[in-house]
Ligand SMILES: Nc1ncnc2c1ncn2[C@@H]1O[C@H](COP(=O)(O)OP(=O)(O)OP(=O)(O)O)[C@@H](O)[C@H]1O
């Protein structure tokens, strides 16, 4: 949804230590107390998203007392620095009771009882799989796909993220090319073309082929991708590449400008992660590639792989596959011999069920805008400071937000290194980073335990890809989706694709702040305090943490500017949700002041309304009215012209990727 897809903020937890173990025990004590207290009392959520005694009890208080309490509460919402933090828990929208639609979640069994040695493969290939790649047991998708492709058929493969799709085509490609007589030589040029959406995947796939080809040294793999030197790639193409892995934009570039690229011998075409390729706006490039391949070459075997079969993917499959076998791993009825639909696919197929890894636990938390930042911070502290062995990936909507949160969290949450523990370490990853930086950080992110979607994805399919970064290849993992009260209908959108999420409560997340007295408020919490007192202390601590953030942001004009820029880019990205989700994610439903708070800004940016008048779209005008002229909207100027226009959006997205070097 944002200009640069997949912005990541990665937090790697500090390691094990005796003190963290002690904290773990304290944490358990605290959790037990919290649960005991909360279970013994009838509570409900107030309009600040927090549990309070039932209204009838509260209402019994005399008016005078209520007024006094209000004043005290206001006083308490003051950080320890003495700077008044504008109220965090007042005037928030009500958190609706979540209706959890009944969904039968589609899960796939990852591993089978079969092994690679059961297939009719070259013994050296089996040995390489076992010894170099350390794999011996077939995953379900590999068991179903490899025999189909070895039989010479085209295939359309839908299987969940992290299920081993790469080997399901790489093994048959290598098996078939090693048997070609006379032996393949560099001068044959590309015999297999593998198209993947991103540099990251291009590199990974290329490395997989490199390993598989160890015993077959006469077959040469190569990779072409945005961000690399074209001249060097041209030279490699001239020398000869037999298995060519490429991102779409860079391949089109070479088709247009490199004379030595010839497709006359191509016998395999693989479109991996086809859904992501289309999501990133590469359909035009794919058409150019297909036309170029079709105009030359012998009979070709075509394979399309995707974690989700969207309308666009089905259309693409119809364009480039020839009587394919359809392999849907999660659907036993449609297994290997099922036929691919021949009729023109209808948009209704977009409500397809998406499979997620079996070991994945999915959660959602509904958080009012103002509390979002402290809620994310409390969650990170909980998983990485007060628990052990966690690695988180946090998805946000833009490069600027990544930069902002990275700086803020490093400054406020890392904490000093102590004898017992290193400070928390935050890494960042986004499309505007220099390629060397990205490569230096390593693109493979193994053993990620939590995926946090701080900004909701722009499609259920994107949700599936994001959560698919954890619980890979039979492992375990969890995911947490942040939604504001106005966005909760997104849960239904996920349910339409058979995705089911369990609710976490804001206050439960914030309660982790009770583990660290750095955030102690003025309240006098002790182990015998009432549940309400515990809640009050938790709120106070959240306010203290918010004050730390606001103090940091307001420590100088530069940091204020960075926060404003991040807010602006967040708002801009918010306008780019697709039309069919606009009823859930509409800029009109955002409150600028509350959104500003989640960027550590004490006030909504001022003096921004004038510039918006020039913008004449109906939606833009509507937005302006709703957000109120004094608060917003000139800030959103550029996004009205881009975000509300689907065609332009795609171009923009692609351009941003191109600029970032992720693709070109
Ligand atoms: N049979 C196997 N046994 C053990 N590990 C495997 C097996 N096949 C693949 N893997 C490993 O599983 C991981 C995920 O594989 P791969 O990247 O091919 O999954 P994928 O389905 O393409 O995922 P995504 O759609 O998210 O890219 C890789 O690290 C790969 O080496």
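In case you wondered, yes, glycine gets a Cβ from its N, Cα and C as well.
Annotated features, as they stand in TrEMBL:
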- 1-95: region 'Disordered' (REGION)
- 20-36: compositional bias 'Basic residues' (COMPBIAS)
- 37-50: compositional bias 'Polar residues' (COMPBIAS)
- 57-79: compositional bias 'Basic and acidic residues' (COMPBIAS)
- 114-143: motif 'Q motif' (MOTIF)
- 114-143: domain 'DEAD-box RNA helicase Q' (DOMAIN)
- 146-327: domain 'Helicase ATP-binding' (DOMAIN)
- 359-510: domain 'Helicase C-terminal' (DOMAIN)
- 607-664: region 'Disordered' (REGION)
- 615-627: compositional bias 'Basic residues' (COMPBIAS)
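For the motif 'Q motif' (114-143), the DSSP-based tally of helix, strand and coil residues reads 16 helix, 5 strand, 9 coil. Within the chain carrying the motif 'Q motif' (114-143), a Cβ under 8 angstroms from the stretch's Cβ atoms is held by residues 108, 150, 157, 159, 163-165, 167-168, 171, 174-175, 178-179, 208, 211-212, 214-216, 327, 329, 473, all 6 or more beyond its ends. In the predicted model, the domain 'DEAD-box RNA helicase Q' (114-143) has a mean pLDDT of 96.
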